[in-house]
Amino acid sequence: MAEDTSSPMDRFCGSTFWNATETWYTNDPDFTPCFEQTALVWTPCAFYWAFVIFDFYYLKASLDRNIPWNKLNVSKALVNLGLLVITALDLIMALVKKGGDSELPLYDLDVWGPIIKFATFLLVFIFIPLNRKYGVQTTGCQFIFWFLLTVLSIPRCRTEVRLDAERQKILNSQQPSEQDFSWEEYQFVSFFIFFTFTSIMLILNCFADGMPRQTKYQRGENEIPELSASFLSRITYQWFDKMALKGYRNPLEEKDLWDLRPQDSCSEVMPIFAHHWNQNVRKNYKNKARVEPKAQFSNGNVTFENPHGEKNGRKKGMASIMPPIYKSFGGVFLFGALMKLFTDTLTFAQPQVLSLIISFVEAQEAEPEWKGILYAVLLFVLAAAQTFILGQYFHRMFIVGLRIRTALINAIYRKALRISNSTKKESTVGEIVNLMAVDAQRFMELTTYLNMIWSAPLQIGLALYFLWQQLGPSVLAGLAVMIILIPVNGVIASRIKTYQIRQMKYKDERVKLMNEVLSGIKVLKLYAWEPSFEKQVLDIRDKEIATLRSTAYLNAGTSFLWSCAPFLVSLVTFATYVLIDENNVLDATKTFVSLSLFNILRFPLTMLPMLITNLVQTQVSVNRINKFLNSEELDPNSVLHDSSKPHPMSIENGEFSWGDEITLRNINIEVKKSSLVALVGTVGSGKSSVVQAFLGEMEKLAGVVNTVGKLAYVPQQAWIQNATVRDNILFGQTYDRKRYNKVIDACALRADIDILSAGDLTEIGEKGINLSGGQKQRISLARAVYSDADLYLLDDPLSAVDAHVGKHIFEEVIGPKGMLARKSRVLVTHGVTFLPQVDSIYVMKMGEISESGTFDQLVKNKGAFADFIIQHLQEGNEEEEELNQIKRQISSTGDVPELLGTVEKAIKLARTESLSDSISVTSADSLMGRGGSLRRRTKRQDSHDSVASAASLKKKQEVEGKLIETEKSQTGGVEFAVYKHYIKSVGIFLSVATLVLNFVFQAFQIGSNLWLTQWANDQNVANDTGLRDMYLGVYGAFGFGQVFSYIGSVVIVYLGALIGTRKIFIQLFGNILHAPQAFFDIKPRARILDRLANDVYKLDVVLPELIRVFNSQVFRVLATIVVISLSTPIFLAVIVPIAFLYYFAQRFYVATSRQLMRLESVSRSPIYSHFSETVTGASTIRAYNVGDRFIEESDAKVDKNQVCKYPSVIANRWLAIRLEMVGNLIILFASLFAVLGGQTNPGLVGLSVSYALQVTQTLNWLVRMSSDIETNIVSVERIKEYGETKQEAPWELEQDKNKPKNWPQEGHVEFQNFQVRYREGLDLVLRGVSFNIKGGEKVGIVGRTGAGKSSLTLALFRIIEAAGGRISIDGVDIASMGLHMLRSRLTIIPQDPVLFSGSLRINLDPFEIKTDDEIWKALELSHLKSFVKSLAAGLNHEIAEGGENLSVGQRQLVCLARALLRKTKVLVLDEATAAVDLETDDLIQKTIRTEFKECTVLTIAHRLNTILDSDKVIVLDKGQITEFASPTELLDNPKSAFYSMAKDANLV
């Protein structure tokens, strides 16, 4: 044997390593033994050593520990031991049997082979106990290692069996053989034992290990199977089958979902992100040595540092969210990138195999058949490998996306709890919620594609390299076309971006406006202002549509560029190729390999521009989030908690501002322990601001604020959560029945709770929509009392309640004998009555403290306080008893005659007028036995005590307590009606046109490809240039046909969709505005907004894109089937079973996925509504220091949303794997039939296989699109559902036009046996009310809470429609006219003043029909003129959302101005003066008396002086009129309820 010619490997083995004749050029291929024992064994080993690092990583990352020994891991260990023994034995036997004395030489292979195997098995063996200890249940590397080892040992099986047969032949032949076969025999036995063991290991590795004993998080019944699924089950997503099946059988519900994987929950994601965020923030501060805290994770709290930093830290720049995101989630992302690299390489192997197949068909006779089969199988294996790896890649990317979203939502939430007021002013609640809803979501959509940034250029590079090999330099011509297209596309993309920003801006504007319309809907209805606001919204919407239309044309441009690019490129390339040189001839291999490479090029070229636009959008989002996260926060150190100070609450020399000019200056206040301090002053003097300063809500410019102890705060406008009454009062504390009941009685809530349908378990709507102002205020107070704090800040808690209740609450809660007697209290108040009982008084004036001291001292001073009192007394709205008290108090201080005189006068006045609405004792039973006047009243009141009414209401089941109906997520398929509705909105003609154009487009495409086949197979072209030019010309013509049909189809889809969405929105918004008030009471605002914002956005942007892609994919799949069947008709036989598989996967998937999507969107809105609630109540949350609890609630809501989101991501992957395998089967059969079917036309074979190669992607897209369309068409369904809500009566009727302009001329109002209820199925609130009011009469309406006072006014405006009887005005039945006709001819000053953001002028006169003079006149009469004059912008002064930048009193005055501008014959005053101080109250009363002298005025009264001069009084009780007469007449009748009230008040 000539040793010297051999390679090192031959010497290593002692036999040939590679023999081509034996392996390739033969009809019976086989490997050499040396190759089998080295290459085929070492490949798996090398793989394992290379990737073992992942196994180490999983050990480190595992959250669990300690898997018990079980059958599985014991058998793994034993079999592995067996392998170790066998390999060790191999080495020993080799050393014993070979080398040395024996004639068999010892080769390197005999020593190194076993050693390499032994080392690898040992490594695997070490991992068995390690995985057990660290709770790793399955490992991929080991599975792949055993799989490769088993598969690659199969050739050696065949070899060994053949050799054995030969040995037996020799032994059986009769000649005595000299040879000693013992070594070969040993190897034969040892190899088969080894093979058996590896096969067993492979099988054992298909299963996952048992459950770990210790887990960081509780693993529930419902844990996600993925955690304990084996590697095999994970890559095929077989563990998801259960859910898919369940979802297919019946619609999934929340209880069917699995728990969240611990590593995706907030508690795992947040600390990591917070840690990197804090590091990043710190980097941004130069020269600040700060201790580096780890992200603290104590009891689940994560702290974020404030990027705004202390005032002195010099700031380098904004802290961005990007670096922390890279650092927190980059690892998984890189691993994904590695997989992507792998699949990209596999993609390019496919055209190479294709060229082999084509050349095989060309040389049909010469080649052995096994090669063809090998190529077909190879193609299949490549495709399958790609499928599995891509599946894992997308899965990983989605998880990263979900985690980023979790991190961002939580960061935004935590920030929102701490932003300063100046920041809050910059953005509305809606905009902040958008950061969470839209911007954080963007990241999720981007992560999947992010790797394309490097992968696309790589793919393009590789494709060009292979193309060069086929066609040489002519590729450059094609490349040039692509390069020219890129900047064109860039230009279009940047235009699209500007349009998108514009569209987002319009969308924000529209959402903000709609949000306000919805929050003020009641006022809009009362004023009949809907058309004005509808017009404003639709104007913005039209701008939005115009922007979308421009975007649509641009989108059509880009998609045209990218769908026709591959064709143009191939046209240019082929043309250049054949025209450069006569000798260049296109043959089948060149043509189809190039075509399939061009097809590969299509994907990265399509993705790059999409990716760039996506990146740009995400960049916009990043900037918005950064701006928010970097905005200024409240300074946590503005309030000190220094317990060494003498008093628990104090401000020394304080100066404060709300972010612009100084609001408070020279503030010095001390609150002694257990004392009660009152702040008084006129509207806008800065009383509430002082309270805010104590809370640290204002910007402190100078001075020291100190509070020691736990705070409780009652804001001026109660903040009520959307939860039960009880939850609102407990506010996160444990329920202690005794204390709770005490609090409820003290706050006079008992009667109110009895009236509610489910008692204190009644759910309160958003912002407390189903409670009266007084109830909200008392609940807010009860929350403070229950919290049992040390310091109480009470911002005018008595403003919204009746005088009696106010007195009761003062005595029982706030005053010196109340529940809070031992606490330190600051009380902002408008009432004089209680002032003698407080320990000290601070009088505010123009943002300064003008004087302070006890009541007596201030009276003696004769300063601002004395004026305040005189002013207050002149209105005469106090009870005599109280006045006497004040009189005693004042006279005891001596020498103040003018004050005493005023008091005497007031007492006289009170005697004559006192008939307060003492019927409206809000909670008679809770007031029993306190104060003489009440005790006397009890005898009479037993007859209709509210206890009775409560009993009659008999606690109806809990069910009734639900006000907000839970959002239904529809189940089952989307009905065809929904599609029909959408197609109708788009228009039948356009819908058909798209389909036709798409069909034409595919026809042209197939035509051009078949023409190419013809060209490639035509032998004469080589010699005939004329023929060649003809081929080229026709090919070009086909191309232009494609271009035009394509552009047409795209433009039509987009424009059609816009026509549709415009119609749908107008109808939806119109219907919502036309919905009766009850609709808004039971639907939370966030949910209606979600329809108007999110669902409409889907129709605007998402659906058209989906429909376009769906259409083109459907036709492409059909085209593929047609082409493959043309080349190999037998393929049609396979298509049927494959179609079945496909159909089943698709049905299972769509049913499950759709339900998951629905559940996900239902679980998403609570995140946002909880968030917007938090933003509104931030100051209360901070005051009570319960931020952490709210953060936990938010985290829980995010986690719950992930619970629904994660399975839908998996469902996608589950489907993708199955579908792509179906596609891979198509590839397998197309290529197998091409090879075996005796097809001799290489062109057709090339065509059919290159089409088949594309089919997987197309099929995948197709199902994805069809299910996406189903999930998004749900938006049409949801909108359609709201579009079909019950409407209120028509706004305008024909017969209204006949009514005179100035109707009603008299203002004569008559109720005839009138009955009304709030909603179907509820009890009547007015039961047969009849009375008659003549034109110009002034009528007061009194009655306790719930007696039906407000219902009366609502019925007058037909906000609630009659259930019986009628109301007529000037003899016309109001039910017979259009609502606007009616509402615009009545005027109301509503209970809570609602303002809209926009100019002051729009707020007064939205239809812009009044002149400036009229407006100024109204402002003058409503005492706002001087205020408005002082504003820089005057009438164009921008009012903030909800009128936040005016005080409550000023807002009330604006409402008065509105009434003055309308000046109709009938005016309704609804408890209008509750929120205003006495001075303003007085002004309002005077104005109304003078300006509405001629009108009929109905007043719902709270205070005495509001109804004393009225002509008639209506006394309501439980929805019926008990008395109706003039005040004097009632006072003359000792039996009237009115009289007894007056008597109680010592007036008669």
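Glycine residues also receive a Cβ, built from the backbone N, Cα and C atoms like all the rest.
Residues or ranges marked as transmembrane segment by TrEMBL: 39-58 (among others).
According to TrEMBL, the transmembrane segment annotation covers 111-128 (among others). Same-chain residues lying 6+ beyond the ends of the transmembrane segment (111-128) with a Cβ under 8 Å from its Cβ atoms: 12, 37-38, 41-42, 44-45, 48-49, 52, 55, 73, 76-77, 80-81, 83-84, 87-88, 90-91, 94-95, 139, 142, 145.
Same-chain neighbours of the transmembrane segment (135-154): 40-41, 43-45, 47-48, 51-52, 54-55, 58-59, 62-67, 120, 124, 127, 194-195, 198-199, 201-202, 205-206, 208-212, 214-215, 227-232, 234-235, counting only residues six or more beyond its ends whose CB sits under 8 Å from a CB of the stretch. Residues or ranges marked as transmembrane segment by TrEMBL: 135-154 (among others).
Listed by sequence, the residues of this chain that lie at least six past the ends of the transmembrane segment (324-342) yet keep a Cβ under 8 A from its Cβ atoms are 269, 272-273, 275-277, 279-280, 389-390, 392-393, 396-397, 399-400, 403-404, 407, 443, 447, 450-451, 454-455, 458. Look at TrEMBL and you will find 324-342 (among others) tagged as transmembrane segment.
Under the heading domain 'ABC transmembrane type-1', TrEMBL lists 334-617 (among others).
The transmembrane segment feature in TrEMBL is assigned to 373-395 (among others).
The transmembrane segment annotation in TrEMBL covers 449-468 (among others).
Per TrEMBL, the feature transmembrane segment maps to 474-496 (among others). Within its own chain, the transmembrane segment (474-496) has Cβ neighbours under 8 Å at 460, 464, 467-468, 551, 554-555, 557-558, 561-562, 565, 568-570, 572-577, 580, 584, 598, 601, 605, 608-609, 612-613, 616, counting only residues six or more beyond its boundaries.
TrEMBL lists 559-580 (among others) with the feature transmembrane segment. If one looks beyond the transmembrane segment (559-580) by at least 6 residues along the same chain, the residues whose Cβ comes under 8 Å of a Cβ in the stretch are 467, 471-475, 477-482, 485, 488-489, 492, 586, 591, 594-595, 598-599, 601-602, 605-606, 609, 1005, 1008, 1028, 1032, 1035-1036, 1039, 1042-1043, 1046-1047, 1050, 1108, 1112.
Marked as transmembrane segment by TrEMBL: 592-616 (among others).
For 649-871 (among others), the entry in TrEMBL reads domain 'ABC transporter'.
The feature region 'Disordered' is assigned by TrEMBL to 928-952.
The transmembrane segment annotation in TrEMBL covers 988-1012 (among others).
Here TrEMBL flags 992-1271 (among others) as domain 'ABC transmembrane type-1'.
As annotated by TrEMBL, transmembrane segment applies to 1032-1059 (among others).
With a cut-off of 8 Å between Cβ atoms, the residues of this chain six or more beyond the transmembrane segment (1117-1145) that come close are 1002, 1005-1006, 1009-1010, 1215, 1218-1219, 1222, 1225-1226, 1229-1230, 1233-1234, 1237, 1239, 1241, 1244-1245, 1247-1248, 1251-1252, 1254-1255, 1258-1259, 1262-1263. Look at TrEMBL and you will find 1117-1145 (among others) tagged as transmembrane segment.
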Most Cβ pairs under 8 Å with the transmembrane segment (592-616), selected from 39-58, 449-468, 1032-1059: 449-468
Per-region confidence, the domain 'ABC transporter' (1309-1543) (mean pLDDT, whole number): 84
